[in-house]
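Annotated features, as they stand in TrEMBL:
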DOMAIN    B:5-128  domain 'Response regulatory'
MOD_RES   B:ASP61  4-aspartylphosphate
Amino acid sequence: MIQKLVNILLVEDDEVDVMNVKRAFSKNNIKNDLFVAGNGVEALEMLRGGIVPLPRIIILDINMPKMNGIEFLKEMREDENLKNISVFVMTTSNEDSDKINAYNLNVAGYILKPLSFEKFIASVATLKDFWSLCEM
Amino acid sequence: MINSNILVVDNCKVDVENAKKAFSILGLKDTLYFAENDLEAWDKLQGNQKISPIPKILLIDINQEGIKGIDLLLKIRKHEDLKSILIFVITGTDNEKNKSDALNLNIAGYLHKPIQSDKSFDFFSILYNYWNIIEYSSEKK
């Protein structure tokens, strides 16, 4: 099951959001190793450089400097060694074009960051339940 | 909120009944469609029995005899109007080759069916809750 083994790469440029994810993980007792990349370029470097061990999943923001989430996804899906990684988008972008592009690149889910932290904790709890059913 | 039709591809009667029962309690009865194999599923996605709007969620048992699951997944991923479908593989048997092929086709999850029927509601509830926290793109014109 995912939650015991998997390493999670969080691709997120906003430090407050990184902190919120860490807090929501700890509130939900999620103990997977968490790696953080500040943008798509950094994420690709970490994945290709073996910094994030297998198996791994990615939590991806959309709006980021240097290489945004959609650009990152495109490059990742073209890379033979990375293309099968499960990606969960977690973003404040409610743009339909971002959703369409993300699903066309086969993300496993597109989650809008709720405005309140309590709701965010609840979303992460739901995500944890879903991960507990998934095999890799 | 789930704003999508859901297609279930499975030919095991017990499993289909369990899914029907759970989804009916969860309030998804009206958006649920069933196919017994890959050909029937394709007919419901692109053929004579085409479901409208196209389902954004597909559940499939790729290891069931009589269902060419990987073939169907490949066709879906190659089709411009279908490639974005969220595919959840739900299976009761192990087949490492099918599993790795499915994961390479970027399924949203590879899940084991609950063995006991009384666990199946919990299983589908978790899926349902997950479908409720994710966003969906608006309908294609």
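Note that Cβ sites are derived from N, Cα and C of the backbone, with glycine treated the same way.
Just so you know, TrEMBL annotations are computer predictions that nobody has curated.
In terms of DSSP helix, strand and coil, the domain 'Response regulatory' (B:5-128) has 56 helix, 22 strand, 46 coil. Taken as a whole, the domain 'Response regulatory' (B:5-128) shows an average pLDDT of 94 in this prediction. Around B:ASP61 (4-aspartylphosphate), a 10 Å sphere centred on its CB holds 21 further CB atoms from the protein chains shown.
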